[in-house]
Amino acid sequence: MNKKTIRDVEVRGKRVFCRVDFNVPMEEGAITDDTRIRAALPTIRYLIENGAKVILASHLGRPKGKVVEELRLDAVAKRLGELLGRPVAKTDHVVGDEVNAAVARLQEGDVLLLENVRFEPGEEKNDPELAKALAGLADLYVNDAFGAAHRAHASTEGIAHHLPAVAGFLMEKELEVLGKALSNPDRPFTAIIGGAKVKDKIGVIDNLLDKVDNLIIGGGLAYTFVKALGHDVGKSLLEEDKIELAKSFMEKAKEKGVRFYMPVDVVVADRFANDANTKVVPIDAIPSDWEALDIGPKTRELYRDVIRQSKLVVWNGPMGVFEMETFAQGTKAVAQALAEATDTYSVIGGGDSAAAVEKFGLADKMDHISTGGGASLEFMEGKQLPGVVALNDK
Ligand SMILES: Nc1ncnc2c1ncn2[C@@H]1O[C@H](COP(=O)(O)OP(=O)(O)O)[C@@H](O)[C@H]1O
Ligand SMILES: O=C(OP(=O)(O)O)[C@H](O)COP(=O)(O)O
């Protein structure tokens, strides 16, 4: 990586503003998955052990510049304290007198968590005044919030223009793993793209076609490709205005010698429900009033074989509506194949695929699960991440 990291700077005795992504799922005030908090621990522990005065900042949800009581970070501070085995102080504001006083009290090795930065209207606008105010709290800026690195906000981008700015260990690891996968991949290199958001994934498919040996398509976005091949897709998810683009991708794959894998059979349902009537049909026989909600058994076998023969697999997006048990088989088969293929380096691109792997209890069998869904997608599209660009070069 060509960006400085916390290893390249002196942190002892310094007030360090460390942006983390503690945007964790919550239900009724309780954290339901603390993966993102755990992922930031190496950086936080390093700062503590090396005598920094640690000021942590994160967003939670999308409060849109207002205080939303349910999106306060108190539960996060408590959980972080438990994980660190030491108290974590927390402010009820992002900037202002209360925060200044709390920062002034910090001793070397102390940890303070600021309130949800998105309570400030200037955060998402990347307001220079807010960026300056945040910078005024500290001597050094550390960005460890890979999951928010695709956002140019005051605490992820603006602040970096006012302080020495370096990457934390999580940021460094994410960029290294994803960067290596894309620039110098072990081959055969396979990308598996699924999920529902065709629009969001068009860019990544286009970029991956320049890099991979195999491209596997699944999930809801497959049916725009199925339609592009001239088959009827019934009531399956379809983005009419992307059919031509899907055709052009299949042509590009041919030109580049990329093997393009699509479902050969699917599980169709007579309605969108776990207890719907279902049947398995070949891909060119989807009944007009049924919808395809998962890949079929032959496709599972085919995708498993491709995974087994790959040295590197990047996976983004489920193969079916895995939230419903009836349509989870395809996603489970891919997760299992990755877990069993010990010679295959598996990179999970955040979002729903990460949630699925977690749900199936296979998370510890994967080589790298990204903490960023949107961020890893934008990175794989070849876009520059503003939160990274703003850091100091080596
Ligand atoms: N065949 C399908 N039809 C409708 N929705 C689907 C289908 N396959 C997967 N999905 C849905 O796609 C959603 C995930 O899509 P997306 O947000 O694009 O993935 P990710 O978060 O991994 O990037 C899941 O909620 C899943 O239920
Ligand atoms: O959860 C996040 O994104 P992700 O769901 O794409 O991984 C990040 O914390 C960024 O949040 P945002 O999409 O509200 O800017």
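Every residue gets a Cβ built from N, Cα and C, even glycine.
Since the structure is predicted, the reported quantities are computational estimates derived from the model, not experimental observations.
Of the residues Arg105, Arg118, Arg187, TrEMBL places Arg118 in the same substrate site as Asp21, Phe22, Asn23, Arg36, His59, Leu60, Gly61, Arg62, Arg151.
Among the binding-site residues Asp21, Gly61, Arg118, Lys201, Glu323, Asp352, the ones whose Cβ sits under 6 Å from an atom of ligand 2 are, in sequence order, Asp21. In sequence order, Ser58, Asn116, Gly147, Ala148 are the same-chain residues whose CB sits within 8 A of the CB centroid of Asp21, Phe22, Asn23, Arg36, His59, Leu60, Gly61, Arg62, Arg118, Arg151, the residues recorded for substrate being left out. The shortest Cα-Cα distance between Ser353 (ATP binding site) and any of the binding-site residues Asn23, His59, Gly61 is the one to Asn23. Residue pairs drawn from Lys201, Glu323, Gly350, Gly351, Asp352, Ser353, the listed ATP binders, are separated by up to 20 Å at the Cα level. Counting every protein chain shown, 21 other Cβ atoms lie within 10 Å of the Cβ of Asn23 (substrate binding site).
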